[in-house]
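Chemist: From Swiss-Prot, for reference:
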ACT_SITE  Lys35  active site
BINDING   9-15, Asp50, 116-119, 175-177  ATP binding site
BINDING   Thr14, Asp50, Glu116  Mg(2+) binding site
BINDING   Lys35, Glu116, Gly117, Ala118, Gly119  phosphate binding site
BINDING   Thr39, Gly151, Leu152, Ile153, Asn154  substrate binding site
Amino acid sequence: MLFISATNTNAGKTTCARLLAQYCNACGVKTILLKPIETGVNDAINHSSDAHLFLQDNRLLDRSLTLKDISFYRYHKVSAPLIAQQEEDPNAPIDTDNLTQRLHNFTKTYDLVIVEGAGGLCVPITLEENMLDFALKLKAKMLLISHDNLGLINDCLLNDFLLKSHQLDYKIAINLKGNNTAFHSISLPYIELFNTRSNNPIVIFQQSLKVLMSFALK
């Protein structure tokens, strides 16, 4: 199981998750995408949420899948899951134990289960648990996606520091957009220096699909 988080919201988790799953499936690795918790959605009028996009991809493998099969807590409010849950469904806190069981059931059918979190590692799910706690409970490997803008060095190093302090395998990958020419002169020089001293180098996502698939499966 691979848990995908990010340095922050809008870093490109969903895009990267879909690209990695498509690559894995093309390589013969049967891969499903799950979005157990999603906020800022209105399923009655908007069918382009992260989970809807995942469902579209997943149905290439199993036409019987529905949104409820891959996304279990869905809220209208654009906020951390804890805040949305307390406002919209205060008597039904998110049960990560139940989620863990449901997500692990997919490992019986699929070679690789990709779980996308909401926001970054410290986003609260309950008063006691955040996204990193959830990934640890799942015993999943972690793929952390970084944006490619100015400030990514600080964001990557902070997340690397946090992840190193926990017992889980992780990789950090930069979601490099094709039109970002500034990255190569502003941020890449430090990333290359960092990688010479680190036993867990930061990679560029688009250049590392094979590496990331191998990491997820090993």
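The chain as shown is numbered from 1 upward.
A Cβ is built for glycine as well, from the same backbone N, Cα and C atoms used for every other residue.
Explain the structural surroundings of these features, please.
Modeler: According to DSSP, Lys35 (active site) is assigned to coil rather than to any helix or strand.
Around the Cβ of Asn175 (ATP binding site), 21 further Cβ atoms fall within 10 Å across all displayed protein chains.
Note on Thr14 (Mg(2+) binding site): other Cβ atoms within 10 Å of its Cβ, all shown chains, come to 21. Thr14 (Mg(2+) binding site) falls within a helix when secondary structure is assigned with DSSP.
Cβ environment of Gly117 (phosphate binding site): Phe3, Ile4, Ser5, Ala6, Lys13, Ile37, Val123, Met131, Phe134, Ala135 lie under 8 Å away, each six or more residues apart in the same chain.
Within 10 Å of the Cβ of Asn154 (substrate binding site) there are 10 other Cβ atoms, across all protein chains.
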Chemist: Out of Gly119, Gly151, give me whichever of these binding-site residues has the highest number of other Cβ atoms within 10 Å.
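Modeler: Neighbour-count leader: Gly119.
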Chemist: Given Asn175 (ATP binding site) and Leu152 (substrate binding site), what distance in Å do their CA atoms have, once rounded to a whole number?
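Modeler: On Cα coordinates alone, these residues lie 10 Å apart.
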Chemist: Give me the count of other Cβ atoms within 10 A of the Cβ belonging to Lys35 (active site).
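Modeler: Its Cβ has 28 other Cβ atoms within 10 Å.
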